[in-house]
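TrEMBL annotations:
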DOMAIN    53-127  domain 'RRM'
DOMAIN    164-240  domain 'RRM'
DOMAIN    284-341  domain 'RRM'
REGION    344-363  region 'Disordered'
DOMAIN    384-459  domain 'RRM'
Ligand SMILES: *[C@@H]1O[C@H](CO)[C@@H](O)[C@H](O)[C@H]1NC(C)=O
């Protein structure tokens, strides 16, 4: 009987939606049948967004194991209890602290965990704690907890392996060793990594310091795309127990051995060049900054070609939209609409999102700090001719032409201002080239404490 009363706390009326139509699971039936007791918990029903140590997980695959559910929690703290509702494809996970639970929910809200190609849904439970009884189901859960939870045993001893084999399918953009490290480091300490191509497939072997991290990474990342719509990760455990890395270079890295030589593996410039072709918060900050002061930028994690840009007021937002909508950036037309959000949320402390969200409110690079400044009268639509200013005396025409050509722009014409060699116009091959050049060279350090200022010009040469 005792078990049943305790379980009621969990199945209070209206809680976590799922219990309204409980039928097949006898464990639940025995408790919901007791209508009286549920009254005790009236007024305790909170919205699912209220933080709780208890996490409610939905849409689990029907062959889900206890260990897999626990692994979702392990990277964020100790998992203190587990309730599996297999018939409902759901589970409850209790973390040791509310903070751990918040980290977990925060993380999975940007990065939906995929288990065997199924997205699963994670939210706070209405319950403050998870009380479970000694039913046979629960014994299995408790056994799994004892086996996997880092608070109870040495996880390395029971987790399958610390080495993951990663195959990247649909490789439209190149994937670098550094990019993989960044992604996989979210789940634990990456000790060693090797990338290679086998059977025309890009692959990596990646060794974590512990098996729980490897398992968590596999659970969360398997089936995920690195970039929007491409570069899909297929992850399995490797039979290797450790990786043998000889060189630290673009193809292999041993983070425990910074002293290793670089070997003959040439760092590939290709990769660095391509990496800059992705839209970054900085790139949007500089471009939108032409039309107003950009406060925050967020690149959407799951749709990396989508971003939110927060301007300092709505007039600036309108202006940026009218001038930049339809322009080409990194080879694709940019579509801009007004967001229903009024501000961009920053990731919570300790939830750095791979630098996808940036706050620029204190940036010294804003162009419109002072109301009525001259900068307001120099706002023009994107054009192939750029206005350069703040050029130091030592910098000559050829320096600037070479600088702009260095990023791939075709320099068609150049002219210093007659009376003032601090300013010049430069005409490049296209509006698109001008946009790329402005992003690249605005604020470029020309020495002598001069940072180049770049704007679109209204005149041509
Ligand atoms: C005008 O814009 C430049 C960048 O082009 C910036 O350095 C300067 O601080 C801006 N002036 C004001 C008053 O905001």
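Using N, Cα and C of the backbone, Cβ positions are placed for all residues, glycine too.
Look at the domain 'RRM' (284-341): DSSP puts its residues at 16 helix, 15 strand, 27 coil. Away from its own ends, the region 'Disordered' (344-363) comes close to residues 102-103, 106-107, 110, 182-183, 186, 280-282, 285, 294-301, 304, 308-310 of its chain (Cβ-Cβ under 8 Å, at least six residues beyond either end). DSSP assignment over the region 'Disordered' (344-363) gives 0 helix, 3 strand, 17 coil. Remark: secondary structure over the domain 'RRM' (384-459) totals 20 helix, 22 strand, 34 coil, with classes taken from DSSP.
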